[in-house]
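Feature annotations, reproduced from Swiss-Prot:
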type     : residues                                                                          : note
ACT_SITE : Lys12                                                                             : active site
ACT_SITE : Asp137                                                                            : active site
BINDING  : Pro95, Met96, Gly97, Gly98, Gly99, Ile100, Gly101, Gly102, Gly103, Ser104, Ser105 : ATP binding site
Amino acid sequence: MSVRLSLPAPAKLNLFLHILGRRDDGYHELQTLFQFLDHGDELHFEARQDGQVRLHTEIAGVPHDSNLIVRAARGLQEASGSPQGVDIWLDKRLPMGGGIGGGSSDAATTLLALNHLWQLGWDEDRIAALGLRLGADVPVFTRGRAAFAEGVGEKLTPVDIPEPWYLVVVPQVLVSTAEIFSDPLLTRDSPAIKVRTVLEGDSRNDCQPVVERRYPEVRNALILLNKFVSARLTGTGGCVFGSFPNKAEADKVSALLPDHLQRFVAKGSNVSMLHRKLETLV
C-alpha cells in the first residue's frame, strides 16, 4: 500500500525590509521580519519505490526539472541517499513573483514532507541547511516560526509578535527580484536596527520605491489600499498588505476595493500552518 501525505505551503509577509549593504559576492545584507499567513498552496505526496521524482502539476513558464519542488525532492534524495521516490501534485493558490514566498514555501513543504514520508529522521538544522541551498527564504519556512532575519535572510531569531488579520492585494504583475536588487536607485545603506524598533513602528520596505517606479500596477494597488489602511509592499513584491485587528474589518475594506483587484484575507500566525499540521502526524 502506497503512503500518501497532504500538507499546506503557507504564505509569508515581510513586515519590513531594510537593506544594509551589498556584499562582495553580490548578495545584499538585509534585515526583515517574517510572519506567516493561514493561506497558501497545498501539496500532495505519494511515495514510490523506483526512485523517480515526478511533479504532476505543470507551472506555466517553469520547466519540470527547474521547479523548486523537484529540486528540493532531488536534493534531499541525493543528500540522504534515500532510494525512494515520490509523486507530487500541487494546488497552486499563491502567485509567482508576489513576495509572499510561494516557491520557497513549496520547497520547504516538500523537504519536510519527504523527511516524514521517507522516514529520514533529519533534524530542523539539517533540513534548514539544505533549504538554504535552494533559496534564502526556504529556511524560515522549514523552521516554521515568525522570525527576525539578518544576513541574506538566513540568520533567524524567532519572535513572538501580534497576530493580526491581513488584507493582501495581488497586482497582476511578476516582479523580478534580481531586477529590483540591481536597480541603481535602490537604498543600500539603511542602518541596522533592533527588532524592538520595528515593533515600535520605525521601519519600512526599502524595495518599495523602486517597485512602485517600475511597476505601475503595484503603485496603484498601494494608492487604493492606503485610502483605508496603512499599506506596504511585502518582500520585493508585487503583493501589498494592510493589517487589521479582526477579520470583519479586513473583510469590510476588501469589499470596498475595485472588483478587478485580486485579493485575499488571512490570519497572521507566528507558527506556520504547515508546522501545526506536522505536529498532528504520528
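Every residue gets a Cβ built from N, Cα and C, even glycine.
Small disclaimer: the values here were computed from a predicted structure and weren't measured.
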Extra residues within 8 Å (Cβ to Cβ centroid of Pro95, Met96, Gly97, Gly98, Gly99, Ile100, Gly101, Gly102, Gly103, Ser104, Ser105), ATP: Ala11, Leu94
Residues that sit under 8 angstroms from Pro95 (ATP binding site) by C-beta distance, when 6+ apart in the chain: Gly102, Val170, Cys239
Between Ser105 (ATP binding site) and Asp137 (active site), the C-alpha gap once rounded to whole angstrom: 8
Spatially closest candidate among Gly97, Gly99, Gly101, Gly103, the listed binding-site residues, to Asp137 (active site) (Cα to Cα): Gly101
DSSP state at Lys12 (active site), helix/strand/coil: strand
Close in space, distant in sequence - Gly97 (ATP binding site), Cβ under 8 Å, 6 or more apart: Val173, Leu174, Val175, Ser176, Thr177, Gly237, Gly238
